[in-house]
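Q: Shown below is the structure under consideration.
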């Protein structure tokens with residue numbers, strides 16, 4: 001009698017646990033499928049061999065939505081660093097290290113943003129392709145030249161020159177690596193020229 005009661009009690013507990021687990025899983029699945037990025041869950045490539053990656057942990061699995069969000073944060077941070085550095089330029093002689101720190105942080109955040117959205121190895125490959133290698137070299141060379149002119153040479157004129165060149169390289173970098181950047185610029189140029197031709201007599 002006692003053994004029969006225990007077996008019935010165990011079966012009831014087991015059925016209750018299975019029901020709770022099923023309801024929890026169904027609730028979690030409904031919540032996950034309701035998210036806008038539920039069908040876009042991908043893993044950032046971290047190795048040239050494709051499927052085999054250096055990092056197998058879940059921290060390197062990001063959805064497309066999450067990658068775009070991090071890209072936007074890095075790009076806004078980069079623009080903010082450049083803007084603050086430009087405003088600090090009048091006090092460059094007094095605080096050159098802060099200027100260089102902001103300038104370098106802005107450059108690194110821009111590169112990091114594109115590396116996140118494209119994948120680190122994929123972005124490095126794009127940086128070293130023949131058609132984009134001049135932009136890559138000009139971007140990092142002008143960055144290094146700005147730092148040297150500010151810290152080592154301590155020349156305001158050279159800092160301005162290399163800083164302007166680096167800003168131009170940064171714009172070229174955005175156009176080259178931003179999704180549909182070249183097409184957007186060409187379309188904007190055509191629209192601007194068409195509007196200008198309509199305004200001119």
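Yeah, the Cβs are placed from backbone N, Cα and C, and that goes for glycine too.
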Q: Using Swiss-Prot as the source, do residue 90 and residue 128 end up on the same side of the membrane?
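A: Swiss-Prot topology: residue 90, residue 128 on opposite sides of the membrane.
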Q: In Swiss-Prot, which of 160-180, 181-201 is labelled transmembrane segment?
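A: Of 160-180, 181-201, Swiss-Prot gives transmembrane segment for 160-180.
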Q: How do the residues of the topological domain 'Cytoplasmic' (120-132) split into helix, strand and coil according to DSSP?
A: 8 helix, 0 strand, 5 coil
Q: If you average per-residue pLDDT over the topological domain 'Cytoplasmic' (181-201), what number do you get?
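A: Averaged over the topological domain 'Cytoplasmic' (181-201), per-residue pLDDT gives 55.
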